[in-house]
Structures are given as structure tokens and as C-alpha cells.
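Participant: For reference, TrEMBL lists these features for the protein:
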TRANSMEM  B:12-37  transmembrane segment
TRANSMEM  B:57-79  transmembrane segment
TRANSMEM  B:113-133  transmembrane segment
TRANSMEM  B:145-164  transmembrane segment
TRANSMEM  B:196-224  transmembrane segment
TRANSMEM  B:253-274  transmembrane segment
TRANSMEM  B:280-299  transmembrane segment
TRANSMEM  B:306-324  transmembrane segment
TRANSMEM  B:330-349  transmembrane segment
Amino acid sequence: MDYLQLFLELAQSTVRLSTPLILAALAGLFTERAGVFDIGLEGKMLGGAFAAGCVAFVAQSAMAGLLAAVVVSVLLSLVHGYASITQRGNQIVSGVAINFIVAGSTVILGEAWFRQGGRTPALSEGARFQVIDLPFAEELRGIPLLGPIYADLISGHQALTYIAFLMVPASWWILYRTRFGLRLRAVGENPGAVDTAGISVIWMRYRAVICCGILCGIAGAYLSLAANAGWTKGMTAGKGYIALAALIFAKWRPVPVMFACLLFGFLDAFAIRYQSTPLPLIGKVPVQLMQALPYILTVILLAGFIGKAIPPKAGGVPYVKER
Amino acid sequence: MSTPYAKLPGWVEYGLIPLVNLVVAFAVAGLVVLLVGESPLEAAYHMVNGAFGRGEYIGFTLYYATTFIFTGLAVAVAFHAGLFNIGGEGQAYVAGIGVALACLWLDRFMPWYVVFPVAILGASLFGAAWAFLPGWFQAKRGSHIVITTIMFNFIAASLMNYMLNRVLKPLGSMSLETRTFEAGGQLPRLDWLMSIFGLSVGTAPFNVTFLLALAASFGVWVLIWRTKLGYEMRTMGHSPSAARYAGIKEARIIVITMMISGALAGMMALNPIMGETYRMQLDFVQGAGFVGIAVALMGRSHPAGIIPAAILFGVLYQGGAEIAFEMPSISRDMIVIIQGLVILFAGALEHMFRPAITRAVLAFSGRGRTQAAAKGA
């Protein structure tokens, strides 16, 4: 029973830590599949988290916070879209710029508005997303094995967590089973063909970028309204880049994205839980190695040692209509 | 890269357009200052005063500029070969090991002018080594250099955390840093250079690394525009297919370019470690690798542009500290915003004002020509 308890604890924190990664990685999936590279996931998440923290505090409502996060993140996405789609600028440079602008301005504005030293005021229970207990969680707890799994692992998360996991099949359906998804993927592989079919490449890519903004906003709101009680300086702490790594690790496909995020979330949870306890067989693993593992794995994958990660063909290339 | 734009005279291409981009970036930053409820003009005054008001301030400005020249050159060299090295941060961080090892080994019984070249070598070697793998992966395995270098930044952070925690930290010490170097590991300040201009350097850590940075800038100019290797790099940057057709070995150029880029980023580590703190501290790079991106974009990847751009960022860093002191609601994070805006307007949106400027310039020079023609007739 002890082991089950241990497993559940780890699994729970894995789910908690993977939720923002899943949302951000799916956000990246939409733009990158449409041919717009985005290393600004980190900045958009942070901007969303900040907006959510501010508005949820002022309006005392989690939903208002979520809405603000989505709005801010979509606006940042549109800046990225304007630079990389309309102005045909370098998409990577634009993403880097957004990360810096957000990292700096959230701190400056947060300090000017709230004066709490790099954080928004702590949110009361009502202004945060509450843990949802699924029906019969307590009643079913008695069932061996499945009961505790249902009660402690599947039940007992905030709404945004469920949304994140539901977004995985939803994204799959949108990308692979709708006309919009087909066109979106086509725009990332062969924009010329899409253009020939009479569909606007520019508008398609803008819509993909907006989808990315919405999901990044939700990811940000999760950080400041569900995982924490408010925004703190630099709270994304590289999660946007881990999400990017997960996206590549999953070779730009929705369901593997979820598993990659769960893996990276698990590594994180494991590193936190076993910082100082020696492991059987391996001995004591330095916590720094655990922290670096997602990045190392991604590098190895990208180098083609575990399968091959082939990015969308037209990724990173601005579309120029033939004259 | 094909440019669908008309060819413009040099002063417009390299002077006017970057200037307009820069002015817009600062104007937007001014809006942020307004939003916070402070006066942008007052902020600008404190910044200029804080950066140039006294010899000591100028010393600090040039000290920061030294760091940014190295990281700017690193990004620029890679740009010329069509590579985007975002990993300057990690390369500089790991290069710290090279500097620290040289100092820890020699500082007790060698003068600085013996330790310095060894440290330069160490910094370049470690920096180049950290850039080698991303370059090699791109050249041979086709993985995207941007992603790999980002990942290597994070791996470097973990590695250095481990090194300082377990290996380089003196026994019994609590803080994450090496021991303080003796005289051999301390670079002399450039008091004499400042006193030529009648200024006193004060406590500013303005040191001989600055001269190395200038030498490196000249070296990069020679490399890119006066050597066969530089020519091959630029050819590849302009058109990889043309380079391949001309028999240039793509993989070799990618790896060499990345190693040069990494070595340049690595030399940045000399400045804070041997020039200021005399020990290697956790997180000593402090984002300088990323500032290099803004510097290279603003300086249009030419050393003659990179040096002023680096000085401008030195002004931002040193003047920004003064603003933060005088106007507490504008902390040093303002610099991060400006850095982002410069990257946005001088980099991603560099062509935004080009059509308008082109039209204005053509209209202006066109009118001049018709007037001259009318006079001649």
C-alpha cells in the first residue's frame, strides 16, 4: 500500500506539473504546424499569467482572470504574427523579442500597480480555480487499487487541468479531422499549394497564431490562478522552452505531445521528490542532471539518435506570393 | 536571402533605417515609462547622466560594453554563415570554467600577463567546445541549431550549477563561487586610458579585456571580409545552394563558424571573472549572451556597428542602474524591455519602415535629379 501511496503522490504532481506544458506545447503545435516557428511560448505564458493575476485580483473572479490571460496572450501572438507573417521578419528573432518584452514589462507594471516586490497580491480562494471533486470520488475510494487512483489521481484537479487533457483529443480532431486542420497543416508543408487552391495563406497562418495565443493564455492562467495564488516574477521559469522541447520530442503530433509533457513533468516531479535520496542501483543522482534531462533528451532526439524529428516543411519560412 | 526591396544608398541602409528602428524602439519604451506614471524625459536624463556623468560612470558603461562586444560578435559571426546562435549565454557560462581553471592554477605564482593569455585560451576552448556539438548536430545530423543551442543554454545552467556546487566551490564555503583569485588572476584596470581624457576610473571595473574586445572586433572584420574562410561563410549565409555548387564544404563551415562564435562568446567570461569579481560566481553571465542578439542585429553584424551598439547597451545597463536609483518605480527590468524592443524593431520588424523610407529617399533624390536636369537644360 505504501508503494501505491508513493506512486499516487508522484503521479499527482506529474499531472500538476505537466498541465501548463501540455497547454503550451499544444499552442506551439498549432503555429508550428502552420509554418510559423514560435519560441515566444514562454513570454506569452508569462504575459497571460500576469494578466490573469492582475485581473483576477481586481475583479475577484477567476474567470475574468482567465479571459484577460487569453486576451493578452492573443495580442502578443498577433505581434508575433504581424512580424513574422505580414512583415516576413525572422520568426525566431520575433519570438525572442516577445520573451524579453514580456519578462521586463510584467515586472515593471506589476511593481507600479501593486508594489509587492515582483508579485501580484495573493488571491483569495474565490479568485482562483477550485479543485473539482469528481462524482463518487469518496464513495469509490474503498475499492482496492482503482478507488484511490480515481479519488486521488483522476479526481481532485482544477478545471484547467481537465481542459488541458481534453484539448489533446480536441487538437487531434481539429488538426486531422476538420477542413480547417487540413488547411492549417497544408499551410505549414506547402503554402504554395494552399494558395493555388484559393485559400489565403496569410489568414490561415493568422488563425493558427490566434489558436496558439488562446492556449498559451490558458497555460498562463493555470500558473497564476490554479497552481499558485497569483503571479510572481519569472514564474514560467523556462516552461515555455520545455514545452517547445516536448513539442519537438513528440514530432509535432498531439497525442505524443501529451506523453512527452507527462514525461518531462514526471522528471520534474521526480527531481523535486528525490532531491537528496539515493536511488536503488544508480545511487545518488545530482538534481542538476535531473533538471537538464528533458533538454538532453530533446537534443539527442533532434540529432536523430531516437527516431527522427522532421519539422513542418515550410516552418520558419515567410510566405511570399509569386508575382 | 533574396531582398525584394530596391537598393538604397549606404547611408540609408546602414544609417537611417537602423536609426529609425532604434528611435521607434525607444519611443515604445518611453510609452511604458509613461504607463508607469513617470516622465520618459526625466528617465532619459538620468540614463545619460548615469552613463556619462563622471569618469567612473563611463568606466562602468565601457565595462558593460566590453561584455556585449564579445557576445555581439559571437552572434554576428554565426549570422554571416546563416546560423542563428542563441546559445551565447550557455557558451559564455561554460567558458567561465576555462577562465576559472587558468586562474586557480596559475594565479599564485604568475603575473597577470601570463595568466591572461592562458585564460583567453581556456575561455575560447570551453566556449568553442560548448558550441561544437550544436554545430556538429546541425551539420551532420540536421537538427535545428536554434533549438539545440537553446537546449544547450539550459544544460549549461545545470552543468555550471553542479560544477560550482560540487567541484569548484572551496571546502566549507556556503556561497556558490570559486575562491577569490590572488594577484595573478586580477586584470589591471585601464586607469591610464581614462586619464588621457582627464577622467578618473574610480571603482569601475573597466579593464584590459576592453582592449581584447577591440582586437577581437578587428579580428572578426579581417576574418569575415578578408579571408577565404570568411568568404565561404558569407557565401553560405547568402545562398547555401550556391555554396554547395561552388564546392564549399557546408558541414565544415558550419562547425568552424559555430566554434568561432562560441569562442567569442566565451571570451566574454574574462571580463566579469578576471576583471570585476576575481572569482567565478553562479549566474555571472546575467543575460549578456542574449543582449548579444540585440547588439548584433542593431550593429548589422558588422564590427563597426557592433561596437557602438554594445556601447549603447552599456549605457542602458549603467544608466539603467541610475534610473532605478533615482526613480524607484523603474527597476533595471526596464533594460530587458528595451532589449526586447530593439530585437523586435531592429530584427524582426527591420523592414517595416523600409518601404516608406525608400519612397521618401527616392522622391527626395528624384526631385534633386530633375532639378539638376532642368538646370542643365
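Glycine is no exception: its Cβ is also placed from the backbone N, Cα and C atoms.
I would like each feature placed in context: is it buried or exposed, what are its neighbours, and how far apart are things?
Facilitator: Panel annotation: around the transmembrane segment (B:196-224), residues 54-60, 62-63, 65-66, 69-70, 73, 76-77, 80, 116, 120, 187-190, 230, 233-234, 260, 264, 267, 270-271, 274-276, 302-304, 306-307 of the same chain, lying at least six beyond its termini, place a Cβ under 8 Å from a Cβ of the stretch.
Note on the transmembrane segment (B:306-324): residues 43, 46-52, 57, 60-69, 72-73, 76, 214, 217, 291, 294-296, 298-299, 330-332, 334-335, 338-339 of its chain, located 6 or more positions outside it, place their CB under 8 angstroms from a CB of the stretch.
Residues 18, 21-22, 24-26, 28-29, 32-33, 36, 38, 43, 287, 290-291, 293-294, 297-298, 313, 316-317, 320-321, 323-324 of the same chain lie 6+ residues outside the transmembrane segment (B:330-349) yet bring a C-beta within less than 8 angstroms of a C-beta in it.
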Participant: Could you pull out which residues elsewhere in the chain have a CB under 8 Å from any CB of the transmembrane segment (B:12-37), counting only those six or more residues past its ends?
Facilitator: 43-44, 298, 300, 302, 305, 329-330, 334, 337-338, 341-342, 344-346, 349-350, 352-354, 357, 361
Participant: Looking at B:57-79, B:113-133, B:145-164, B:280-299, which one has the highest count of Cβ pairs under 8 angstroms to the transmembrane segment (B:253-274)?
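Facilitator: Highest pair count goes to B:113-133.
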